[in-house]
Amino acid sequence: MTKDLNTLVSELPEIYQTIFGHPEWDGDAARDCNQRLDLITEQYDNLSRALGRPLNVLDLGCAQGFFSLSLASKGATIVGIDFQQENINVCRALAEENPDFAAEFRVGRIEEVIAALEEGEFDLAIGLSVFHHIVHLHGIDEVKRLLSRLADVTQAVILELAVKEEPFYWGVSQPDDPRELIEQCAFYRLIGEFDTHLSPVPRPMYLVSNHRVLINDFNQPFQHWQNQPYAGAGLAHKRSRRYFFGEDYVCKFFYYDMPHGILTAEESQRNKYELHNEIKFLTQPPAGFDAPAVLAHGENAQSGWLVMEKLPGRLLSDMLAAGEEIDREKILGSLLRSLAALEKQGFWHDDVRPWNVMVDARQHARLIDFGSIVTTPQDCSWPTNLVQSFFVFVNELFAENKSWNGFWRSAPVHPFNLPQPWSNWLYAVWQEPVERWNFVLLLALFEKKAKLPSAEQQRGATEQWIIAQETVLLELQSRVRNESAGSEALRGQIHTLEQQMAQLQSAQDAFVEKAQQQVEVSHELTWLGENMEQLAALLQTAQAHAQADVQPELPPETAELLQRLEAANREIHHLSNENQQLRQEIEKIHRSRSWRMTKGYRYLGLQIHLLRQYGFVQRCKHFIKRVLRFVFSFMRKHPQVKHTAVNGLHKLGLYQPAYRLYRRMNPLPHSQYQADAQILSQTELQVMHPELLPPEVYEIYLKLTKNK
């Protein structure tokens, strides 16, 4: 290093971070990094302990290398990336001061570095307060893609994200919620919020991974994950719950609020209540109830989580959907024994459904979704009576070929469609007074169902009416639900198109307004050009007064002209600023998803319009010209191909016609000054460039404007 550290630090655009190992600069650092370092070190230690070795770390936007070198001091192998050479110079000087550190620093762009990463090259990536600049340059979708790839090729990513509310030029480009940048990743968790030196708005820090569940007291890889509790759940819980499945664990991760505010207060409270309820039940299960062990649990302001022992087997709903053979006797028997045992201790499961039952290889059934275990005997949906709801569950076990899709349940309540002895069993319960209905009674009658009288022989007119009515109601529910789903999808598409049209109309209105303003300025400039000779004469008069050593008093016409000239200059400056802002708005529109989605539609409409305007022959000529331009451009970039083509044309005697065609399409350029001189009149040039005025007039002009 040819320069000492003092010189390198003095050359920094900003001392943004604490200078590692040099407390003399602590007071000059824009941000105190120690609080964030504690949190980053904690996550580093957790992952290092889980992997059983020091980590390979990539620090994107490393600035002065404080975090990189701090982790290197713990044994990490570090690569730091920053686009400013001055930052990298300081990092390298600090690395030279610590030769035992495995730290390398490079100048580079984050987009290019992420694109070139190989899977497993780094264990941990850090990106602190840097990706908002990339959002501003390339848009939200591109940053989402970059972060997805970063999470794919590493075990964990730590991100500090700027927010839209910060009062800076890049704020308008940011998403409404920073989680929009990472919600496509499998696992993300808020681990802290930190103030900055720029504004009082705190920035959140997230831990992200596509491979691991990353909780302070639990750090393990998962085999797969899903944001539905079971197959076919649709938009249950609005995708606010994520489920991670490891080799021997299951992790439930519930979000209490979501980007775009899609969760209502009731839905958020439901997530929180069910998770708390499940944690409470599993940490203190009733005596004799076979509950999975709790491995970890916790929460923060945005989310809560529970990691538990993985039960063997498969979901009953998956087995039914796959048409697998099941032993209904064993499944119902084991399930009833669990429900009766819970009931005796004052607990009930309010959501006994095929997707909340796990069946092992011995066809033994176990309840899951322990957040649905309550102390009030009432189902979470229709029918609210728990025994009636269990009737529906039993019907679902035997209704493999039904296509009903009801609002609440897709099987009937009555037991009369069941085969014997199952219908005899439930009909015996049906005949009991409702106040005696419970799972103990269901279990007692289940165990002697083979000896119960036939339900068919006892069926009367009331039972027949119930069968007919329930069948019709389920069919009608299915049709209404299917039509409602189709209508909802169409409404969503219409709403999206209306939003896109509104955006395009707004942009068009802005263009028209700016164009009108520019036309008004153009008229003003034209008037000034037409009266330039009069202005020159008045300036000569003013010069004569100045030579007489008399302070000239400008005639009213001159004062008015100068005022209008000054106003025109201000207007031009104002319009230039607005034009720049308009260009930025246009860029945002061009980067938007709606613009890309309507690209094909716009191109097709343009081609139809041009075909109508110019006709088929002219459009064909235009197409041929475009092809020829492409060919000429290709040959200019590839001299060897051009040389071969020219030789071939000479041999065929076609060189001169081809050259004339080339010159016709690519005329020799004229100088910019000549082109401007052909377009602008002398008077217009003098308005735009006062130095072109006659020397005497220009001298007066300078005297009149020197105090402005």
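Quick reminder: no glycine exception, Cβ is built from N, Cα and C everywhere.
Feature annotation from Swiss-Prot assigns S-adenosyl-L-methionine binding site to 16-17, Arg36, Gly61, 82-87, 108-111, Leu128. For Gln84 (S-adenosyl-L-methionine binding site), the Cβ neighbour count at a 10 Å cut-off comes to 15, with all displayed protein chains included.
In sequence order, Phe245, Gly246, Glu247, Asp248, Tyr249, Val250, Pro292 constitute the residues six or more apart from Lys310 (ATP binding site) in its chain with CB-CB distances below 8 Å. Residues or ranges marked as ATP binding site in Swiss-Prot (evidence: experimental evidence): Pro229, His237, Arg241, Arg242, Tyr243, Lys252, Glu274, Glu309, Lys310, Leu311, Met358, Asp369.
Feature annotation from Swiss-Prot assigns coiled coil to 485-594.
Positions annotated as region 'Methyltransferase' by Swiss-Prot: 1-210.
Positions annotated as region 'Kinase' by Swiss-Prot: 211-459.
Summarising the annotation, Swiss-Prot assigns region 'Required for membrane-binding' to 601-669.
Residues annotated as region 'Required for localizing WbdA to the membrane' in Swiss-Prot, with experimental evidence given as evidence: 687-708.
Of the candidate binding-site residues, Tyr16, Asp82, Gln84, Gly108, Ile110, the one lying closest to Tyr243 (ATP binding site) when CA atoms are compared is Ile110. Taking the binding-site residues Gly108, Pro229 in turn, the residue surrounded by the fewest other Cβ atoms inside 10 Å of its Cβ turns out to be Gly108.
Using Cα positions, the member of the binding-site residues Pro229, Arg241, Glu274, Met358 nearest to Ile110 (S-adenosyl-L-methionine binding site) is identified as Arg241.
The shortest Cα-Cα distance from Met358 (ATP binding site) to any of the binding-site residues (Tyr16, Asp82, Leu128) is found for Leu128. The closest partner of Gln84 (S-adenosyl-L-methionine binding site) among the binding-site residues, by CA position, is Arg241; the full candidate set was Pro229, Arg241, Glu274. Within 10 Å of the C-beta of Tyr243 (ATP binding site) we count 17 further C-beta atoms, all protein chains included.
Per-residue confidence over the region 'Methyltransferase' (1-210) averages out at a pLDDT of 95. DSSP assigns Glu274 (ATP binding site) to a helix. Recorded residues Pro229 (ATP binding site) and Asp82 (S-adenosyl-L-methionine binding site) have their alpha carbons 42 Å apart, per Cα-Cα distance.
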